Every structure is written in structure tokens, then in C-alpha cells.
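Asks: Let me begin by handing over the structure; questions about it come next.
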Amino acid sequence: MDLLDILFSAAFWAATVRIASPLIFATMGELICERAGVLNLGIEGIMVAGAFAGWISVWAGLPLWGGVGVALLTGMAFGLLHSILSVPFGLSQHVVGVGITLFATSTTFYTYRVVLPEVSSPPKITAFQPVEIPFLADIPLIGPALFHQTPLTYAAFLLVALTAFVLYRTPLGLAVRAAGESPSAVSAQGLSVTAIRMGAVIVGSGFMAVGGAFLTMSAFDSFFFDMVGGRGWICIALVVFGAWKPGKALLGAILFAAFDALQIRLQQTGIGAIVPYQVFLMLPYILSILALVLMSRRAEVPAALMVPFNKGER
Amino acid sequence: MTETSRFGAPSRRAFLKTSLASAALASALPGIAFAQGKVLKVAGIYTVPVEQQWVSRIHIAAVAAQTRGDIEYTYSENTANTDYPRVMREYAEQGYDMIVGEIFGVEQEAREVAADYPDVAFLMGSSFKEDPSIPNLSVFDNYIQDASYLSGIIAGAMSSSGNIGMVGGFPIPEVNRLMHAFMAGAKEMNPDMKFQVSFIGSWFDPPKAKETAYAMIENGADMLYAERFGVSDAAKEKGILAIGNVIDTQSDYPDTVVASAIWHFEPTMDAAIAKVKAGTFTAEDYGLYSFMKEGGCSLAPYGNFDGKIPQDALDLVETRSAAIKDGTFAVEINDEEPKSS
């Protein structure tokens, strides 16, 4: 297969959408936190916790969507902890975030071992299966790529639309954005910056956890400890890439996933025999950095990102 | 050394300990003394949970040795490489006789720790060879190329498209060696066999392994070498066959996994225990104990695929197994990074 064959194959685009799905959830989660002014570096650990919580609940007998709900709540619980430390206490968001990541990963392993003390391999669940959307799935190229996916993938795309709508078309969204730009203005309006920021971190963390759960409940059907493997950190970069805008962030996730799906396939072409495989693995990251450089020139960083707000302080 | 009871006279336990120790001392050979005759205290340190593939083989062998009464076994799992040397020191300080584990990510530091505790025997999975200047550190690895070669013969016979996909984690010696042996086996049945080889840069990223396997299937593979979790899942979904590695995965994929090359750690573990007890533990490469001749590896039972594998392949597996065991045939050990063909 050469490059053009790859780019025009429906399987390539289907893979791209599959790879992008967990990133989309977590990127939207991070974006919501950051728009409210809080950098959430707990993302990697929250994804691990979500991946575990969703999977183990289904294994324990909950239906699949119940598992997604448990993952969401687990993420929200870690989000609550993060927001208490980072918002009213105003602690360093870097330290809190990395702390949450370490705490969530180790708590996950602890829980895993308590629940499954003696197993020969992590049990499997029946994961989400692809659902074809009638008529739309028959469109060449786009059909199989976009409309023959698991319900969680559709949910990821809906989440982007929902996030964009709430952020830009509702008073709540305005308050969230204002909390990240000019918290004192929010406060002057009689709104609680603390409540808005905490709410954004809690909800955002919930979506991150669902992104993790995608890995164990849709992309795969079991939980492995290192399986999140840095996807959370990618999402931090994707938020910047998307200039803190949901649509552009979605584009970034798709682009990154496309590079990943491409490198997997390029390894099997003629160049794969000459170029070391590490170069291929680097490809999505390098191309994303290049794209980031181009895209972020005109990006507007939320003015109050990482600035703690103390009411009445001047 | 002598522990006295509150009333001044040596307690019974202390007396026993002393006499055992002196008995050991009396017959001590150069090497690690004090171990003879007693139940060895063995600690395992693993970077992943004990149920995970490679490590599970070590854990099972250690548990078996404990059940037999040869050792007293404890372990730390999911130990990050950054913590690994510290955990080694903790067990060494607690007086463990032997520490078993994997130092692929901490080769240098682990050797420094071992040098600090010359009385503790370290049996470590490593990409490097033994070092005579650290006589208490022996290395092992899963040299199961014999079984991989045999599984390759089966794969070669079962692939009708002549195109096999192989997904690996990282191209480290143990992975490369097994892939080469597998490829050599497959070529016995079909000299024109085409191989697709990919590395995903992670040991535990089943979604990525699965995506990579999908791409290989799209590209014509009808047989997958499942070095990583996730590959057999892609095979199952797309209705093609797969070969397992290190553990027998047929129970999870009854209609997909034709054969598996299994690693048995017991010969390695038992040889090390015997040597520590005899006081003859020294820097060695235990890789040999994973060879088929030593019972260190085997081909899993065909199970559901009994009767579905072509007879000429079964015959070749039979003759080659016999030849490997009596030493007339040796599977080539090639640690170079395999490439797609």
C-alpha cells in the first residue's frame, strides 16, 4: 500500500476516529477546566481511574452505560478533590494536578488488587460493539469511518457539540469563560468564582474519566495497568492546539489520531523497511508539535488560567 | 548471632538457629553461605501486576517452590523502575536469601545494588550477560525460541495467504529472538512467507496493539503472532487465526488461537534455589534453563485445533521437537531487530 491508497481507504479513517475517541472526551474535559481558569494535570491519573472504574463495574454486573456512569462519577470525585485543593485553597495547580495523577493511579491499582486478588489475567467484559447508523453508513469512505462506530464514539462527537453550545450559547458558559478570563468581573456580577471553577473542574474530570473508560469498554474489553500510556498528556497539548476552542480541539484530536493510524500503516510500506520504527512512533508527536507551532500563533490563552482567585483581593 | 532468652539461658529457637548456622558455616563453599538446609527466603520484585504474561510465569514457579516447602516467598508487584533499586535494597536489608525479578529498565542501578549486598543472591531478568565481578547476580531471560520455532511451523501451515502479521512491544533481545525463531518455523512450511513486523513502543497498550493488528489484516495478513495483548482480539474480531506467546491464551480465544509457545520458569527457579542452598550460586546466565531440552518451554496443547492442523506440519513439529531435545537440532538465536519482508 502506498500513501494515497492508505489515505483513501475507509479502514484508515475508521481507525482514525477510533483512536481519536478517547482523546476527544479527555480533551473536552481538560478544555472545560482550563476555560474556567484551572489547569488539570490530574488528567492522566483520572483517565486510569475511569478506565478501571467503568470496566470493573461492568464486570461486576452493571450494564455498559451504567459502567460509563460509574466512570463519570469516579472522575468527578477526583475532580472534586482537585478543585478543593486548587480553587478555594489556591494551591499550585501543577503540584495538585501531578499529585492527583499519582494518587488516582495508585488508588486504582490498590482497588484492582483488593477486588481481584487472584486472577490469571484481567477478566474480559462484553464491550460496546459498533452500531451502524442506517443510510449514513452507506456513504463511501465517510460512512464506514464515521457511522460504523461504537455508541461511545458517537457520544464523543455529541460531547463536542454540547460543550461548544454550552460554552458559547448559554449564560452558564459565559460565566465559565469569564471565570477563566476575568474572575473579578464574575465576582462583581454576584456570581461565585469558586463554585463555577469547582464545577468546571468536577465536570471536566468526569469527561476525562469517560475518555479512559473508552479504552477498556470500547477500544478493548479489559483493563491493563499502563494502558492509558500518556494519552492524558496528549490531551493537554490538544487543548493548546485547539486554542481553547472545542471545534479546533476536535480537529486536533482527529489530526493526531490520523497521524497515529498513518504511522501504523506506513511501518508496513517500503519505507518501513529502511526507517527505524521509533521514527514512526514519533511521527504523530512531531507533526502535532509542528501543527501546534502554526496553530497557536493566534491562540488566546484564558487570561486567568492558573491564577487563583481570592474574593475581595486587589 | 546468639539470641538469649530473658533468663540468660539460650532459648530453644536461638539454639536451633545457631546450630543450623554453624552447620551451614562448616560446609560453606566459596559463594553464598548460611543458606544450606533451611527454607530460603525469596522475594520477587516485578514492574507489573503478577498476572501479566511474562511475570506470571516467574510468579507461578515461585509459588510452586513455596508449596513444595523449598522457599518462603513474598513479592512486590507494580514497582516502578524508579523505585526498583530501593525495593531491592529493602529486601536485601531484611535478610532475604534470594531476590528474583526483572531489571530490563534498571540494568546499571540494579547491578550497583547487587554489588552492595554480596550475601544476597539476585536472579534477574536482563538483556545483558552475567558479570563475574558481581558474583551474586545471575541473569535469565525467556529463551523459548524452541517453542516459538515450533509454533511458527504451525502458523506457516495454517496461513493460506502467506502473510503473517507480528506485533511486538519493543525490539529488545528476548522479543526479537522469539520473532526470528517463529519466522524460521513459518518458513519451513512456506519459504516465500511474507511477514509484517511492527513495534508499538509500549508493553501494555492493547488498544494500540489491536489497531496495529487491524492494519496488518487490512494489508493481507491471515495469521497473527500475538506477542502483545490486543492482537488476538483483533484476530478474533476479524475471524483470522493467531499464535500465542509465553502463556496459553486459547481459553480466552477458543476459535482463534491455534497454538501457543509457553515459557516454564520452573527449571530456572529450581536451579537457582538448588545453587543458593548448595552455596554455589555465582554469576551465570540461566537463559539455558528456558530451552526446551531443560523443560523451560513447550508448545501448548492444540486443544480446539486438534485435527485441524495439516499432518505434514504436525509431523515436522514432532521430528523437530525430538531433534531439539536430543541436541541434533538447534534453533538459531538471533537478537537482531526483525524487519518486515
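Glycine residues also receive a Cβ, built from the backbone N, Cα and C atoms like all the rest.
TrEMBL labels come from automatic prediction, so no person has curated them.
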Asks: Would you mind telling me which of A:126-148, A:195-217 TrEMBL tags as transmembrane segment?
Replies: A:195-217
Asks: Do the transmembrane segment (A:195-217) and the transmembrane segment (A:94-112) share at least 3 Cβ pairs under 8 Å, sequence separation 6 or more?
Replies: no
Asks: Of the listed stretches A:6-26, A:38-58, A:94-112, A:154-174, A:274-295, which one has the most C-beta pairs under 8 A with the transmembrane segment (A:64-87)?
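Replies: Highest pair count goes to A:38-58.
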Asks: Which sequence positions outside the transmembrane segment (A:6-26), separated from its termini by at least 6 residues, show Cβ-Cβ distances below 8 Å to it?
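Replies: For the transmembrane segment (A:6-26), the list is 43, 47, 140-146, 148-149, 152-153, 156-157, 159-160, 207-208, 210-212, 214-215, 218-219, 231-232, 234-235, 238, 250, 253-254, 256-258, 260-262, 264-266.
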Asks: If you count every Cβ pair below 8 Å, which range out of A:94-112, A:154-174, A:274-295 shares the most with the transmembrane segment (A:38-58)?
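Replies: Looking at each of A:94-112, A:154-174, A:274-295 in turn, the most contacts to the transmembrane segment (A:38-58) are made by A:94-112.
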Asks: Taking residues 6+ outside the transmembrane segment (A:154-174), which of them lie with a CB under 8 Å of any CB in it?
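Replies: Contacts with the transmembrane segment (A:154-174): 20-22, 24-25, 28, 31-32, 35, 131, 133, 207, 210, 214, 245-247, 249-250.
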